[in-house]
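Visitor: Can you keep this structure in mind? I'll have questions shortly.
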Amino acid sequence: MNVSHASVHPVEDPPAAATEVENPPRVRMDDMEGMPGTLLGLALRFFQFLFAAAALCVMASTSDFPSVTAFCYLVAATGLQSLWSLALAMVDVYAIMVKRSLQNRRLVSLFAIGDGVTSTLTFAAACASAGITVLIDNDLNSCAQNHCVQFETSTALAFISWFAALPSFLFNFWSLASR
């Protein structure tokens, strides 16, 4: 049995009129505020950087922080957090300026993993520093010889930086999991 097959002929779109204005790229519905490439995401990155850098500077300004491992860990973790947040803030500024979405699967994976690692390190360092600060202040009662105010301030700033980093991680992880 010989059956004829329909042939498909491509149909070209008529050329766009020269008077039409090209629409700028728009933000997808998936881009909730707080995600990378949004204004709230940029604000979260800015506050992460600000508080992590402040914690780093306050702790590094004391002369005896290198003698305690937890305080050295806090300096390293907040240094990493501030560099990560600053780099991603610059990426967010670029994405906002050119109106592009940062919802590429690989980018979201990178952001989620990086945010998870840096926020976990910052939280662990803040907890360790808080433990040492409580030991020095309450248990040993030796704040007169130490920089307890700077230690407590730096620890509090590290916790605030973690509070700003946690939503970024959760938004990126949620975006990655919902694909």
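Placement of Cβ uses the backbone N, Cα and C atoms for every residue, glycine included.
Relevant sequence annotations retrieved from Swiss-Prot are reproduced here:
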REGION    1-24  region 'Disordered'
TOPO_DOM  1-38  topological domain 'Cytoplasmic'
TOPO_DOM  60-70  topological domain 'Extracellular'
TOPO_DOM  92-115  topological domain 'Cytoplasmic'
TOPO_DOM  137-155  topological domain 'Extracellular'
TRANSMEM  39-59  transmembrane segment
TRANSMEM  71-91  transmembrane segment
TRANSMEM  116-136  transmembrane segment
TRANSMEM  156-176  transmembrane segment
Visitor: Which bits of the chain, at least 6 residues beyond where the transmembrane segment (39-59) starts or stops, bring a Cβ under 8 A of a Cβ in it?
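Guide: Counting only partners 6 or more residues beyond its ends, the transmembrane segment (39-59) has Cβ contacts under 8 Å with 33, 65, 71, 74-75, 78-79, 81-82, 85-86, 88-89, 92-93, 96, 122, 129, 150-151, 153-155, 157-158, 160-161, 164-165, 167-168, 171.
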Visitor: When secondary structure is assigned with DSSP, how many helix, strand and coil residues does the topological domain 'Cytoplasmic' (92-115) contain?
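Guide: Helix, strand and coil residues of the topological domain 'Cytoplasmic' (92-115) number 18 helix, 0 strand, 6 coil.
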Visitor: With helix taken as DSSP H, G or I, strand as E or B and everything else coil, how many residues of the topological domain 'Extracellular' (137-155) land in each class?
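Guide: With helix first, then strand, then coil, the topological domain 'Extracellular' (137-155) has 11 helix, 0 strand, 8 coil.
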Visitor: Treating G and I as helix alongside H, and B as strand alongside E, what does DSSP give for the topological domain 'Extracellular' (60-70) in helix, strand and coil?
Guide: 6 helix, 0 strand, 5 coil
Visitor: Quick one: mean pLDDT on the topological domain 'Cytoplasmic' (1-38)?
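Guide: Here the mean pLDDT over the topological domain 'Cytoplasmic' (1-38) amounts to 65.
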Visitor: Sequence-remote contacts (6 or more beyond its ends) of the topological domain 'Extracellular' (60-70), Cβ cut-off under 8 Å?
Guide: 125, 128-129, 131-132, 146-147, 150-151
